[in-house]
Amino acid sequence: MSPGRDRDGIHWTVASTFIIGTMVGAGLVVLPHALAQSGLITGLIVLLGGALLSAYTGILLGQNWLLIEKRRTFGQQGLQDPYPQMAAIALGRNAGIFVRILLCVSQFGVTTVFLILAAKNISSLLRLAAVDLDFCIILPAISMVLLPVVMLESPKDFWQAAVCAALCTLAAIVLIFLGASWDRPTCWDVAQYDAPEMGGIFLSLGTALFAFGCHSLIVAMYVPVSVYSYLVYGNSLSDDASKSIQTEWVRHGVTILITLHVTSALVIVISPVFHSFEKLFRVPNRLGCQRIAVRSMIWIAVLFVALSIPKFGVFLDLVGGSTIALLSIVLPALFNMYLRAAHQKQKISQFGVYSLATWKDVLTHTPKVQLLLNLFCIVLGAVSGLAATYSAAQSIFLDRCRNPVLLAAIYTHPGSTNRPTNRRGCLLLWGKLVDKDAIFRRNLYKIRIKFFIHLHSFAIY
């Protein structure tokens with residue numbers, strides 16, 4: 001067995017490529033907008049603080065695994081779910097189940113973000129070729145194209161996708177720097193920098209937590225391109241920083257590269273969710289009807305959420321502030337304290353039997369400096385995550401999605417040539433319709449009445 005390669009697994013260099021390829025791209029295009037929301041000084045504090053926290057908790061994750069390896073529970077065999085196993089060993093079986101669910105929700109959310117971003121970019125690219133297809137049509141089309149690919153067994157079967165995603169990200173960084181440099185003489189003098197608001201700071205915090213969720217020291221990639229883009233374009237930056245670039249071929253080149261990145265990465269990101277549900281339903285580890293049924297249902301669920309909340313920037317903040325804040329900041333520090341205390345407790349035990357540590361054991365056996373650092377990470381990660389989650393949820397459900405449109409791309413008034421320019425969602429999940437056309441409202445009202453009549457009749461039957 002070659003060094004760095006687990007039995008029936010992949011080499012650590014390939015694993016590192018998977019991490020970079022799946023996590024870097026989306027954060028790259030949204031972090032400049034995070035600076036526009038929070039201001040330069042506050043934004044830099046948020047970005048650098050997020051990078052340092054992620055680097056420290058990434059080291060803790062490595063220490064946690066080394067403590068687990070000392071128990072020789074798994075020998076040299078690889079695991080498909082090391083994080084839930086870490087939680088179970090540190091805090092018990094229920095903690096392992098909780099982390100498994102949290103991972104599925106997180107990966108589901110990241111996949112949704114990538115799918116929305118891919119559809120947005122492809123829609124803008126098609127308009128260059130005079131093909132005016134609506135976002136709510138492109139999104140299901142992309143899902144159908146990717147459906148056969150997501151049926152592959154595991155990431156080791158499509159490691160080329162991770163390499164493609166990583167290379168596209170590096171090329172996109174170069175092009176963003178190039179485009180911002182060419183725009184500097186024109187845009188720098190007229191750029192405006194408004195004072196940050198508290199809500200924008202919390203949203204930028206969610207973006208930073210999402211971007212640095214891979215525990216990599218990619219601050220050298222993120223911070224320079226984010227700061228430079230913000231200084232050149234100011235508050236004109238949108239959710240996707242590439243849209244602010246004035247040189248057309250550079251802007252389109254970045255769009256193509258980011259699209260290639262996210263379409264390659266989302267196939268990898270959704271894989272743990274598939275495996276968790278297949279394990280739950282005891283699906284055979286081969287391509288068959290059961291695998292196709294389970295993965296198709298999950299893929300349809302991703303599509304449904306993407307159609308419901310097509311504003312990928314705010315949804316990214318929601319995912320970053322909720323699940324990724326827990327998985328990348330809070331839980332590594334918490335598990336480290338309990339695993340270290342349990343290890344020390346086992347060493348001084350008369351029979352050397354491993355048992356779960358208690359809070360008293362944590363206070364007794366954890367070095368005071370590390371205890372304070374870990375508690376600081378837990379408190380800061382929890383408070384920051386809650387604040388970012390609240391701001392993103394408020395932006396989604398109150399500000400941006402107060403009036404979503406019911407299948408706006410499919411059902412439109414026959415005499416109308418105008419499409420909604422500020423669509424809140426492709427599916428009507430709550431609220432009222434935004435359309436001043438009385439005929440259209442009346443037709444939609446009739447559809448609703450008929451739907452509820454049929455639903456009531458079915459219930460009685």
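Just so you know, glycine gets a Cβ as well, placed from its N, Cα and C.
Just so you know, TrEMBL annotations never went through curation; they're auto-generated.
Annotated features in TrEMBL:
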DOMAIN    10-221  domain 'Amino acid transporter transmembrane'
TRANSMEM  12-31  transmembrane segment
TRANSMEM  38-61  transmembrane segment
TRANSMEM  97-119  transmembrane segment
TRANSMEM  131-152  transmembrane segment
TRANSMEM  158-180  transmembrane segment
TRANSMEM  201-229  transmembrane segment
TRANSMEM  249-271  transmembrane segment
TRANSMEM  292-312  transmembrane segment
TRANSMEM  318-339  transmembrane segment
TRANSMEM  371-393  transmembrane segment
Segment-segment contact (the transmembrane segment (97-119); the transmembrane segment (131-152)) at 3 or more Cβ pairs under 8 Å: yes
Top partner of the transmembrane segment (131-152) among 38-61, 249-271, 292-312, 318-339 - counted as Cβ pairs under 8 Å: 292-312
Within-chain partners of the transmembrane segment (318-339) [C-beta distance under 8 Å, separation at least 6 from its ends]: 53-54, 57-58, 60-61, 63-64, 67-68, 83, 86-87, 89-91, 99, 102-103, 105-106, 109-110, 112-113, 202, 205-213, 215, 356-357, 362, 366, 370-371, 373-375, 377-378, 380-382, 384-393, 396
